[in-house]
Structures are given as structure tokens and as C-alpha cells.
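If you check TrEMBL, you get these features:
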type     : residues : note
TRANSMEM : 49-71    : transmembrane segment
DOMAIN   : 51-478   : domain 'Ammonium transporter AmtB-like'
TRANSMEM : 83-106   : transmembrane segment
TRANSMEM : 138-156  : transmembrane segment
TRANSMEM : 163-185  : transmembrane segment
TRANSMEM : 205-228  : transmembrane segment
TRANSMEM : 249-267  : transmembrane segment
TRANSMEM : 348-368  : transmembrane segment
TRANSMEM : 380-398  : transmembrane segment
TRANSMEM : 429-451  : transmembrane segment
Amino acid sequence: MATWATLHCSSAQLAQLLGPNTTEAANFICSQFDTVSSKFSDTAYAVDTTYLLFSAYLVFSMQLGFAMLCAGSVRAKNTMNIMLTNVLDAATGGLFYYLFGFAFAFGRPSNGFIGRHFFGLKEIPYYSPPDTFDYSNFLYQWAFAIAAAGITSGSIAERTQFVAYLIYSSFLTGFVYPVVSHWFWSTDGWASVANTQNLLFGSGVIDFAGSGVVHMVGGIAGLWGAFIEGPRIGRFDHSGRSVALRGHSATLVVLGTFLLWFGWYGFNPGSFTKILSPYGTGSMSYYGQWSAVGRTAVTTTLAGCTAALTTLFGKRILSGHWNVTDVCNGLLGGFAAITGGCSVVEPWAAIVCGFVAAIVLISCNKLAEKVKYDDPLEAAQLHGGCGAWGIIFTALFATKKYVNEVYGGKSDRPHGLFMGGGWKLLGAHLIQIVVIIGWVSATMGPLFFVLHKLKLLRISAEDEMAGMDLTRHGGFAYMYHDDEDSQRPATIQLRRVEPNSSSTPNSV
């Protein structure tokens, strides 16, 4: 298949082949090819934009997955509260990412730390190679930003004041997350793999879809929130032993997990942002970015499946039960881990990623119990712990061929240590883990601490025991009876009749 880049020709070259006095004919023929080239270029942009928008819709559907997962993982008396916070993560994040977040993340030109243009989407659409930003880019990146905020909301569920949700969500999506995404995804970022003029350790950080940028940011933010406000009442008894406060609906947990699984196919493969980009030439013209998109979907799937099965049998050995909620969390932990390197690893390596991710999640949960840390959705352990493992995994297993294809712009990039690529990529990725922990701790930690001191973070003990649906949101999420029931005549109550002492076995 010919591409638009190969359809251009020179009339001077063509005139030499046609012989003397054929310049006009050559100009006409070449003009036709140039017209085809232009139309094909327009078609390529349209296809790539459609692909990006479709991916954005898939990532946005993950908000429904987060909402259902959170709702099922909390007790019934807090269902309305946690679902409302998920709705407002999207709504609040939409405005603040529009006003500030997208500019801080991708505004060009900028320095290595933070963007300085595109506030309120001014100057969008923007075209200045190597960057081309349209409204579809904003929508896709917004869906990522609210995913990070959704992760944090799970960590502080069932005990946090509603105003605190609004404050932290605005700050996280409008400033904290965008700065991190600028560092690692913008072409100007100091550690970005796209910054070919100033690559960290000659490689930059390969965090393709955000094991660090999205999952670690959301997980570390949630860690600080849950740590500062403390565990839920009754989570640990007087002797310090862990008491399970199980969510009220495994059905919603499974529904949310499958919705997140579905959305992850926009999260990971969609992070290419383009699909109509050939890699091969000649007989390999069938091989291109569409092949990498398919491979990324496969590695994502294998990592999640392996993590789910590893968690299933691991928890069976530890607890003696086949627990569906644990399996769902294990599956999501595998997805969070593979997100960073999904585009540059072989499918067999994704299985290794998922296996270790499950072990990391189980270990983090055991550690959380030891230190009396309470996270109703295991969000800090899942997204923070497994996200950090995903960053290290990429530095170990990224293959040379895929790194050069997916990123290009620089020949012979450093790749995975176990794949013969040396230590440079691992060094860059260890720095990524350290700076994300440091940045999120330095911004979100003080925010939660100030909210705590102002008594805006945690609800009262009375409200917590009664449930926030009743005390803060006007009623429970579930109707156990109709309001009209109190006006209906009393129904006949059946009672058991015991035989008296004079009754015989045959009496009625």
C-alpha cells in the first residue's frame, strides 16, 4: 500500500523520462499526484483523529467503571456519597483541566518543568511540528486527568467531607497531575522520551500510558489522604487486629471491573494517539502502527489475566477462600503495572508483569494491615504499588525494536536491562519513581494536612456511624420500602402455631 509521503513527484524528473517538449505534460501529471497526496494526508488526519476520539470515549467510560467499583466496595450506607464524588471528579476536572491543566501539561513553547500556553484552550488547534494539538487531544488528556482523581477518591472513601473532595479534585486535575504529565509526556519535559534534545540518561522515561504519570500520582495522593485522616471506625479493634469492613455488593465490583477492563483498551492502545503510520517498506507495507496498537491490546490483556489468576490462587492459599473481590483487584493491578510498558514489550513479558504485580499487591495489602493503614479500595496499594512495579518492569523488559519503532526520532535508544539495553533506562525510571513520590507528597500531603487542621477533611464520628448517605445526602441510595407503605392498612402477620399438649399426631 502506498502512503501519502510516497505520492509526490518532481516534474523535472518526469520530463526527462518523457523526452523533449513534454514539460507541460509532466507538470499536469505531477499535479494530479500532488492532489492525491494532499487528499490522502487529509484522510490520514481524519482517521487518526477519529481513532483518538474513540479512545477518549473508551477512557471516559472508565469513570463509570470507577463509580461501580467504588460503590460496590463501600458499605451500603455510603453508596450515594461515593458515586456523587465520581460524578464530580469528571465535572470538576473538566473545568479545571480546561482552564489550567492542559496548559500546564502541554502548553508550548515552555520550559522543562511546566507549560505556559493554551490556557482555556486558547490557540487550539495548534500546529508546530513535532506537536499538533486539536480539541480531540484535550478530550483524551482530560479523560486521563479525571482517572487520576478517581483513584484518589477510593482511598479516602466512607469518612471524608464532601467539600474536601471538591478541593483536592480541583487541585489534582488542575495542577499536580498536569505538571507530572508535562515532565514525562510533553516534548519539552525534562524527562520526556520525546525531548530528543535533552534526554535523561540518553533515553528519557518510557511511561507510555501512565503507570507513573496516572496510577502512581493517584495512588500516592490517596495514600496521603487516607494516612492523614486515619482508618474508618471499626477497621481495627482495640488490640490492633484487622477487622474486614466488606463492601456491600460484589456484583457492582465485578461490573465496575469489566467496565474498567473495557476502557483500558482506550487507555493503553489509544495512547498512540495515531494509527495510520506505516513502519515497514516494500513487502512489509502491511506492518505499521496499527500492528503496535494490536500488540499493545494483547500485552494489556495478558498482564491483567495473569494477575487475576495469580491473585486467585495466592489468596486461596493465604485465606482459604476463592474471593471474587480480591481477583478483581488483582486484575486491575496487572493493568496498572503493564500500562507503562505495554507498547514496547513482548507478550510473554506481559505475563511476567502480571504475575509480579499480583505479588506486589498482596504484599502491599499485608503491609497496610501491619501499619494500620485503611484504604477501602486498596487504591494506594494497587495503583501506587503496582504502578511503581510497572515502571521498573518497563526498564527491564523493553525491547530495542519496539522502542525504536514506537518512539523514533533517535537511533539506538537505550532499552530494557534484561533485553541487553544496559542500565540507563532503569536509572531514568528509578528517578521517575522518586520524583513522583516527592512531587505528590510535597503538594497533596500539605493540602490534606491543612484540610485536616481546618476540620474540613473528616466527618464526625456520629455521621460516619450513621452513614453519609443519610446525614449528608438526604437519604440512602437504595429504597427498602415505599413512602406509601406507612399509609397502607396493616397486613396479616403469620405466626407459627405450636401444638398443645392435648394434640395427637393426627389432629389438625
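Every residue, even glycine, has its Cβ placed from backbone N, Cα and C.
Each of 83-106, 163-185, 380-398, 429-451 was scored by its Cβ pairs under 8 Å to the transmembrane segment (205-228), and the highest score goes to 380-398. In this chain, the transmembrane segment (249-267) lies close to the transmembrane segment (49-71): three or more C-beta pairs between them fall below 8 angstroms, excluding pairs fewer than 6 positions apart. Panel annotation: around the transmembrane segment (380-398), residues 151, 155, 206-208, 211-212, 214-216, 218-220, 222-223, 226, 329, 332-334, 336-341, 344-346, 349, 352-353, 356-357, 360-361, 363-365, 368, 373, 415-419, 421, 425-426, 428-430, 432-433 of the same chain, lying at least six beyond its termini, place a Cβ under 8 Å from a Cβ of the stretch. Ranked by the number of CB pairs under 8 Å to the transmembrane segment (429-451), the listed stretches 83-106, 138-156, 163-185 are led by 163-185. With Cβ pairs under 8 Å as the measure, the transmembrane segment (163-185) is packed most heavily against 83-106, out of 49-71, 83-106, 138-156.
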